[in-house]
Amino acid sequence: MNHTLRSITLVLACVASLSANADPKTPGTHKGYSTIDMTTAGMPADVKMISVADIQKELQGKAPFAVGFDIDDTTLFSTPVFYRGQQEFSPNGYSYLTNQDFWDKANCGWDAFSMPKNIAKELIAMHQERGDSIYFITGRTGSDCNFTTEYLKKTFDIKDMHDVIFAGSSRTEYTKTKYIKNNDIKIYYGDADGDIISARDAGAEGIRVMRAANSSYTPIPKNGIYGERVLKDSQY
């Protein structure tokens, strides 16, 4: 009986923690393909694939504006941070995602173990060359420190750095939408379904960055599931 109760408690804790760190679910309008699908079977013809050069060409002659970036699996490959957090705070479980001690570790130093994604380097360099304003909006729980802001500023050589916006997450609302709208962001780059919907709800374009196939954040999203444009070779 005690074993059964412990098992039920563990399952409920995992469900609760996952629910606390996920967006609402919006049904897709297209088939969509995960990064794993696209790596093994090639680029599907029914997904709108674009490159950084394509975006740069589209924006020629347009005045500078604000663009936004998600952090985890979009700007940084941060699986090492989350894997370490799970091992330390809730081995084989997900309750660490509701533990402020984990977020303080992640936000106040462990991000140094995150790897910058090449696609983020290319996008940020292109937008800065245009004079666009760069914002980082994450679904993470915030901490009383400025490490992630400084790390991103140094890693991507941000000229006019804004503090990272910690929007948190919710199962009942898209928490990033108001920040995208309030900062008049026109393009928001993200790997999650919620990033695409948040951008659209704010009147911006959400462009999909492919989540790496070996990310600890599973299941891997279906790229193109909302008919959004997807960046080529953006899984790394």
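First residue shown is number 1, and so on along the chain.
Using N, Cα and C of the backbone, Cβ positions are placed for all residues, glycine too.
Not measured: the values here are computed from a predicted model.
Per Swiss-Prot, the candidate among Asp160, Asp163, Asp184, Asp191 that belongs to the Mg(2+) site alongside Asp70, Asp72 is Asp191. Swiss-Prot lists Thr138, Gly139 as substrate-binding residues, and of the candidates Lys105, Lys176, Lys178 the one it assigns to that same site is Lys176. Thr138 (substrate binding site) counts 26 other C-beta atoms within 10 Å of its own C-beta, drawing on all protein chains shown. All protein chains considered, the CB of Asp72 (Mg(2+) binding site) has 24 other CB atoms within 10 Å.
Lys176 (substrate binding site) sits 9 Å from Asp70 (Mg(2+) binding site), counting Cα to Cα. Listed binding-site residues near Gly139 (substrate binding site): Asp70, Asp72 (candidates Asp70, Asp72, Asp191; Cα-Cα distance within 10 Å). The record gives Thr138, Gly139, Lys176 for substrate. Within 8 Å of the mean position of their Cβ atoms, the other Cβ atoms in that chain belong to Asp70, Ile71, Ile137, Arg140, Ile165, Phe166, Ala167, Gly168, Ser169, Thr175, Gly194, Asp195, Ser198. Residues Asp70, Asp72, Asp191 make up the record's Mg(2+) site, and a Cβ search at 8 Å around their centroid adds Ile71, Asp73, Thr74, Thr75, Thr138, Gly139, Gly190, Ala192, Asp195, Val209, Arg211 from the same chain.
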